[in-house]
Ligand code: ADP
Ligand code: MG
Ligand code: MG
Ligand code: MG
């Protein structure tokens, strides 16, 4: 096999021509790089005559950040390809099909979701998606259940855990989500307008930092299941009625609540951003209530499917003990609420922000959204242990807004 090289568009086309049964031999192929260029290359390769296309996702051996480069393992492409295959088995139709994987080139060849839009963009545009809460609820329940100790043979589970040894990507999360936002770290990207607010609000709140330390500890030690690890609204692609989850390169054995919390956080960041994107306040109110309804339904679909799988497919004998499930689902919810808070905060003060908030042109509205996200985030982290149902989130938001 040839040595790794980051493909040019010409090299991507040459590789695509060699793929068995993908394009007619006479095809004249065009390639376009459509990724955002931070971690990976994403090429769309298309035969304009037949209209057939594929996506190439190739990992780069480094992360480009402001001020310098840091090396990053190419093994994440293997992890992503494997996680996509497991998800396809657990919930057919909710991930793009992987056609082939080339380990040497850290390259995934997959289905082109050409008619899908990144969910984050749809939410910024104020679109509604009729099946989103069901599809993501089902995706989370099935992927998270089938790799857990509730379902897997314990020896096979530990073998799978080794396959998903992903220390460098976990370290990114440990630093950027759970550590750097809570001190004056050079990696932070704090909007100038809220700098004075951040110091007392985050850095001097010892009670908050203690809870974040506990959540970080859960992230690094709680090997409950194979999680996606980066399940934000930029990792979901949608049509009016269809949903696909992409980009599981951060997959590792971690807490179930980490994925659930990522979705909650990103829907709540959208919630905070809405006044900056809607022209009239009635639209804002209505769209915000749609987002809260989506959060609630997503949890209810997740919980119903997870419970069904637990009742019908649990193999772990001790997990069938009376009272165990109620404890188990409650710790998922409380973890999810806490992780959601951490993920909201890091998107305001940490290295990588979200377009929902950064694209608000009006400074006053953008700052209001940033402060509201910090307030809701901190309230979620501190209030999670009282939560017994999803309505707890709505109550916490009420107190913070
Ligand atoms: P990264 O890990 O660098 O964030 P992603 O997997 O999120 O890469 O892909 C980056 C972008 O490429 C996505 O936001 C989406 O626009 C596009 N993309 C990725 N996978 C597909 C696909 N299978 N079909 C169509 N577009 C895709
Ligand atoms: Mg990206
Ligand atoms: Mg990624
Ligand atoms: Mg991505």
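The chain as shown is numbered from 1 upward.
Note that Cβ sites are derived from N, Cα and C of the backbone, with glycine treated the same way.
According to TrEMBL, the ATP binding site annotation covers 40, 57, 111, 112, 113, 247, 248, 249. Annotation comment: TrEMBL describes 230, 346 as substrate binding site. Feature annotation from TrEMBL assigns domain 'Aminoglycoside phosphotransferase' to 31-279.
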Taking residues 40, 57, 111, 112, 113, 247, 248, 249, which bind ATP in the record, the widest Cα spacing (Å, whole number): 18
In sequence order, those binding-site residues of 40, 57, 247, 249, 346 whose CB lies under 6 Å from ligand 4: 247
Reduced DSSP assignment, residue 57 (ATP binding site): strand
DSSP three-state assignment (helix, strand or coil) for residue 40 (ATP binding site): strand
Of 230, 248, 346, binding-site residues neighbouring ligand 1, Cβ under 6 A: none
Predicted model, mean pLDDT over the domain 'Aminoglycoside phosphotransferase' (31-279): 96
Neighbourhood of ligand 3 - binding-site residues from 57, 111, 112, 113, 247, 249 with Cβ under 6 Å: 247, 249
Distance [Cα-Cα, Å, rounded] between residue 40 (ATP binding site) and residue 346 (substrate binding site): 22
Among 112, 230, which are binding-site residues, the residue with the most C-beta atoms within 10 angstroms of its C-beta: 230
